[in-house]
Structure formats: structure tokens, C-alpha cells
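J.: I have a structure I would like to understand better, so I am pasting it below and will then ask my questions one at a time.
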Amino acid sequence: MITCLRNWPLLLKRFSVHQIHQFTQLSGRFERPPQSGKSSRDPYLVTVVQGRSKKPRFPGERSNQRFGEDSWFVSSTPLAEVMGVADGVGGWRDLGVDAGRFAKELMSCCSGQTQLSDFDGRSPRNMLIAGFQELSHREHPVVGSSTACLATMHRKDCTLYTANLGDSGFLVVRNGRVLHRSVEQTHDFNTPYQLTVPPEDRKESYYCDKPEMAVSTRHSLLPGDLVLLATDGLFDNMPESMLLSILNGLKERGEHDLLVGASRVVEKARELSMNASFQSPFAIKARQHNVSYSGGGKPDDITLILSSVEVPNA
């Protein structure tokens with residue numbers, strides 16, 4: 001059976017990246033946007049987005065809300081702050097498919113759910129289910145597959161709700177320590193759970209995971225907590241201790257300081273991904289699964305959404 005799982009032998013092959021395209025988008029417009037129904041006392045998120053493509057943009061790629069084959073979105077409603085990341089599965093390139101387009105369209109469909117009148121932000125898994133259903137039932141479906149991680153902060157109870165499918169993920173950092181971290185969902189080494197829309201004439205040849213398989217969690221948040229969403233390009237290359245070291249160096253939690261911190265994280269992860277001698281988390285996992293790998297980082301697209309929980313001044 002042909003599966004839609006990531007083609008990991010391709011990823012294990014070392015290759016040289018001569019040019020890295022960088023696209024940075026400040027997300028200050030997501031900070032305390034004016035919304036009817038939102039109390040001035042409600043907590044809110046200060047959010048920035050940063051990322052790197054592993055290769056220069058190819059013709060036709062839209063850089064907006066994409067870093068290579070990764071995609072992301074950030075949205076705000078009267079009841080919740082919402083964000084998501086998705087990692088398009090690169091194996092589709094062998095079939096001439098833009099692997100990042102599926103991730104982009106999936107995030108667009110999920111983001112669209114936040115505009116519905118009954119959206120309350122407490123079930124990102126339902127948002128993922130509805131978004132994927134919309135994408136897969138289009139008259140002309142977008143072929144491809146992707147991991148997905150969605151998170152919402154509900155304003156009234158200051159609670160983080162998450163849904164994660166695959167090996168993208170999230171962290172909650174409080175007082176310099178990781179309070180919560182998502183768990184990867186994989187079928188085998190470097191073969192994550194993923195949502196898939198196969199070609200119409202080959203549906204029977206593909207095994208596809210379902211959005212209902214996403215792991216849902218909820219976590220109470222406090223002012224000053226950091227919430228981080230990222231694709232595996234970050235987690236496969238940067239140890240948690242190194243990530244914490246950079247985040248703990250933030251002196252303030254304003255938009256500028258968060259952007260500086262996010263940029264440092266992404267740049268360090270990119271540097272490590274190109275280091276052939278670094279014992280990256282990816283290299284360690286390969287060894288644990290008895291997979292032949294020479295060591296070093298894993299060149300990949302990197303997407304990071306970094307948020308700080310804040311409350312209005314009295």
C-alpha cells in the first residue's frame with residue numbers, strides 16, 4: 001500500500017542549502033484588537049510570528065503566511081485568541097505537488113472557523129475537524145497532506161485549549177520552566193500523523209489519518225506565561241534546554257522583545273539544522289529507532305508563533 005506518510009529517507013539525505021529565504025511578519029495587529037463583546041479587563045496575548053524557509057521560494061509560492069512548506073495563522077475574536085501551524089509533507093514534491101499549498105489551505109479553512117457566529121474557542125479539535133472537512137469536500141480539492149497544531153486562549157477563563165496531530169507542537173513556559181509540552185504522534189520514525197486529501201483516482205492507495213485523532217488538552221494560564229507553537233523544523237533541531245535559555249533571556253514581554261526572542265530562536269535552529277556534527281534531537285531519535293544517520297541537524301522549514309499572556313493595566 002502506498003501511504004501518505006512522510007518520505008523520511010529523503011529527509012535523512014544531507015544536502016547543501018546555498019540560500020535561505022527569510023520572511024518575517026510582525027503580528028502587533030493581533031495585540032488587543034478592538035472587538036465588540038470583549039471586556040477591557042480580559043487577558044490577551046501579545047503575539048509575534050517568525051520563520052525560515054529551508055530553500056529559496058520557488059516560482060508561484062505565496063510567501064504570505066508561509067515559510068516554505070509550512071503555514072500558519074493568527075486570529076482574534078471577542079472570546080478567544082486563536083493560532084495554528086501546519087507542516088506540508090514534502091514527499092508530495094515527487095508527484096509534482098506543491099507540498100506547502102495543502103498546509104496553507106488547511107490553515108485558511110481553520111482560520112475561517114473563527115468567523116462563525118457560534119465560535120467560542122474552547123474546541124480547537126472541532127475547528128480542525130470542520131476545517132479539514134471543508135478542504136476535503138471542495139469541488140476541486142487541494143491534494144496533499146499536513147500535520148497541524150491549533151491553540152486557543154479563551155479570554156473569560158484564561159485557559160489554553162489545544163489540538164495537535166503529528167509532530168508540530170506547542171510549549172507553555174512559566175517562570176523559566178516548561179509547564180506543558182505536546183506529545184508527538186508518529187506511526188514510525190519521522191512518519192507523523194497527518195491529514196491527507198489524496199488524488200481522486202488513487203484514494204484506495206492511500207492511508208490517511210483523521211482530524212478526530214488529534215490530541216486535545218487544556219491548561220490554565222497566568223499573566224507572564226509564554227505560549228509557543230512551532231513546526232518540527234524547530235523541535236527536531238533545538239534541544240528544549242537551549243530553547244529555554246533563549247526565552248529566559250527576554251527582559252520584557254512587549255512585542256519588540258518577543259520578536260527579538262523569536263528571531264534568535266529561529267536563527268539558532270536554522271544554524272543547528274546546517275551543523276553536520278551537532279547531536280540534534282532528530283539525530284538522537286534516529287539512533288533510538290536504529291535508523292542509520294550520520295548525525296547533525298535536519299534542514300527544514302521553521303515556523304514559530306510566540307505569545308505572552310498579558311492583562312490590561314488597571
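Glycine is no exception: its Cβ is also placed from the backbone N, Cα and C atoms.
Sharing the feature lines straight out of Swiss-Prot:
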BINDING   Asp87, Gly88  Mn(2+) 1 binding site
BINDING   Asp87, Asp232  Mn(2+) 2 binding site
DOMAIN    43-309  domain 'PPM-type phosphatase'
J.: Of all the binding-site residues given, Asp87, Asp232, which has the fewest Cβ neighbours within 10 Å once its own Cβ is left out?
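T.: Fewest other Cβ atoms within 10 Å, among the binding-site residues Asp87, Asp232, is found for Asp232.
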J.: Whole-number Å only: compute the distance from the Cα of Gly88 (Mn(2+) 1 binding site) to the Cα of Asp232 (Mn(2+) 2 binding site).
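T.: Approximately 11 Å lies between the Cα of Gly88 (Mn(2+) 1 binding site) and that of Asp232 (Mn(2+) 2 binding site).
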J.: Measuring Cα to Cα, tell me the gap between Asp232 (Mn(2+) 2 binding site) and Asp87 (Mn(2+) 1 binding site) in whole angstrom.
T.: 8
J.: Quick check: in three-state DSSP terms, what is Asp232 (Mn(2+) 2 binding site)?
T.: helix
J.: According to DSSP, which of helix, strand or coil covers Gly88 (Mn(2+) 1 binding site)?
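T.: Note: Gly88 (Mn(2+) 1 binding site) is in a strand by DSSP.
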J.: Averaged over the domain 'PPM-type phosphatase' (43-309), what pLDDT does the prediction give?
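T.: The average pLDDT of the model in the domain 'PPM-type phosphatase' (43-309) works out to 93.
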